[in-house]
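Encoded as structure tokens, the structure appears first; notes follow it.
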Amino acid sequence: MELPAANDNVKLSAYRPNLPLSVLNGKAPSEGFDKSDYYQCYGDGSSVTSHASGALTGYETLDAPPHYDFYANTQVWGRRRRFRPSLYQLHGNPEDDSKPPMYEETTAEQMEGDTSEEDEEEQKEPPPEPTRFGWVQGVMIRCMLNIWGVILYLRLSWITAQAGIGLTWLIILISSTITGITGLSTSAIATNGKVKGGGTYFLISRSLGPELGGSIGLIFAFANAVAVAMHTVGFAETVTDLMREHGAVMVDRTNDIRIIGILTVTCLLAISMAGMEWESKAQVLFFLVIMVSFASYIVGTIMPASVEKQAKGFFSYRAAIFAANFVPDWRGPEGTFFGMFSIFFPSATGILAGANISGDLKNPTIAIPRGTLMAIFWTTFSYLIISATVASCVIRDASGSINDTLSSGSCDGLSCQYGWDFSECINNKTCTYGISNYYQTLSMVSAFAPLITAGIFGATLSSALACLVSAPKVFQCLCKDHLYPLIGFFGKGYGKNHEPLRAYLLTYIIASCFIII
């Protein structure tokens, strides 16, 4: 039976045996008391002697069993913590539940003061919890956005034209197998102990040692900083080309890319330094934009082909087109299996974007494995679907001229079955459209082409933002471990999330330098 604490305002006599006062005073009772009631009080016949001796001397020997609250350093907010009973409570007079006498260290006034202080502490609100993310928003969406990139929109259709549907699927599956094995290794480390902030560096340094972890972490942080510049330049080039199509030029093409790139990375820095909550909202926005672009593309493949699209090689779903594009048609110096594999494989990487913010996850041991593996699965599925659908609707070569309709003369090529004659540009190798020649095929097929451009913007900006967040987080953990001299300055965190603002500025400077270069 557990005794109450001193401040629970419960009578201690309720927990003591109901014995006659003469027995408690050491006198023999005039009438014998019922031993069965005494046994019922304790429920244990084996300890009658000790209980009786305690009762005869006026001391309570029924000690409280161990309880977690007696030894814990923390307590749940809003609940009064229980304390282990004192000797005064255990040895006090059964008929007297007063507080300790004055000669003890704790006086009544002190106890009342302590109680009021405890009440004030309980009334205080708990400190605000930092922002934490689950496996969907924190890992899966972040990894999917980092995996998708411009290769999906601008090169996947061309790779399919070179390798054919069959070998393209093989390339995709091999790449996903490699990243899947890496994801399983990351998951094994993440589930083998407590995961804190530092992402990849923390996992490697705590499993393989600081020697490997420190060297890999430093290079990984620098590589992410350079990747910010790469993705930002890809976005700036697309914007510059759109501006030039409409006659808008600031200085020249190279300097326009630099200006737009610096402005873009500055905006991304502002989003990152505003906090992980704002950065996560921006990532969700980019994810929705990419989903809308995918939907626009799928709808476009189902819609009937207009004359302009037919002149560019699009004829909607045709079994003959699928059969012709299923086999490879290698062209140019890069027209080999491993050449196409080397071009596609970077679009399968980026699976560590979720693990790199391990310190901002609610439960990293669950979020990292589940989110990473689900991201690999869904991105692989999207690559397979897009490569198969685009090669089932668009032929390899087309002129783009609406005057190249089928005439009475001889006609060579698959387009002859659909009333178009592209023999001249095929023989002269001057075709500018078709999946073998036109990188913007997805935009041409899409129901609304600007949505594909928006998807390219979303893919590049989300990847740049993910790298801009990953590099400072990893570098901050590396600085806190003091493995290298003179870098501890960048390990300081600010705010409830311990944001590495100094590391953010360092990453921004590195990215800006590479954008200018």
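For all residues, glycine too, the Cβ spot is worked out from N, Cα and C.
Annotation comment: TrEMBL describes 111-123 as compositional bias 'Acidic residues'.
As annotated by TrEMBL, domain 'Amino acid permease N-terminal' applies to 48-112.
Annotation comment: TrEMBL describes 138-516 as domain 'Amino acid permease/ SLC12A'.
Annotated region 'Disordered' per TrEMBL: 88-131, in sequence order.
Look at TrEMBL and you will find 133-154 (among others) tagged as transmembrane segment.
Sequence annotations record features per position, and here TrEMBL assigns transmembrane segment to 166-192 (among others). With a cut-off of 8 Å between Cβ atoms, the residues of this chain six or more beyond the transmembrane segment (166-192) that come close are 159-160, 200, 203-204, 207, 326-328, 337, 340-341, 344-345, 347-349, 351-352, 355, 358, 364-365, 368-369, 372-373, 376, 379-380, 383-384, 387-388, 391.
Among the features that TrEMBL reports, transmembrane segment is placed at 212-236 (among others).
Look at TrEMBL and you will find 257-276 (among others) tagged as transmembrane segment.
The transmembrane segment annotation in TrEMBL covers 282-303 (among others).
Tertiary neighbourhood of the transmembrane segment (337-359): same-chain residues 133, 138-140, 142-143, 145-149, 151-152, 155-156, 159, 162-163, 167-168, 171-172, 174-176, 178-179, 182-183, 186, 190, 195-200, 202-203, 224, 276, 328, 367-368, 371-372, 375-376, 379-380, 383, 463, 466, 469-470, 473-474, 477, 498, selected by CB-CB distance under 8 Å and a gap of 6+ residues from either end. Residues or ranges marked as transmembrane segment by TrEMBL: 337-359 (among others).
Distant neighbours of the transmembrane segment (371-391): 135-136, 138-144, 147-148, 152, 156-157, 159-161, 164-165, 168-169, 172-173, 176, 179-180, 183-184, 186-187, 294, 297-298, 301, 317, 321-322, 325-326, 347-348, 351-352, 354-355, 435, 441-442, 445; these residues of the same chain sit at least 6 beyond its ends, with a Cβ under 8 Å from one of its Cβ atoms. Summarising the annotation, TrEMBL assigns transmembrane segment to 371-391 (among others).
What TrEMBL records for 447-471 (among others) is transmembrane segment.
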Can you work out which residues elsewhere in the same chain, 6+ from the ends of the transmembrane segment (212-236), have a Cβ less than 8 Å from its Cβ atoms?
149-150, 198, 200-202, 204-206, 256-258, 260-261, 264-265, 268, 356, 456-457, 460-461, 463-464, 467-468, 470-472, 474-475, 477-478, 481, 483-484, 506-507, 510-515
Mean pLDDT across the domain 'Amino acid permease N-terminal' (48-112), rounded to an integer, is what?
52
If we skip the immediate neighbours and take only residues 6+ beyond the ends of the transmembrane segment (282-303), which ones have a Cβ under 8 Å from one of its Cβ atoms?
137, 141-142, 144-145, 148, 271, 316-317, 382, 386, 389-390, 392-393, 442, 445-448, 451-452, 454-455, 457-459, 461-462, 465-466
Intrachain neighbours beyond the transmembrane segment (447-471), with Cβ under 8 angstroms and 6 or more residues off its ends:
142, 145-146, 148-150, 152-154, 199, 221-222, 224-225, 227-228, 231-232, 234-235, 238, 242, 264-265, 268-269, 271-272, 276, 279, 282-283, 286-287, 289-290, 292-294, 296-297, 299-300, 303, 350, 352-353, 356-357, 440, 503-504, 507-508, 511
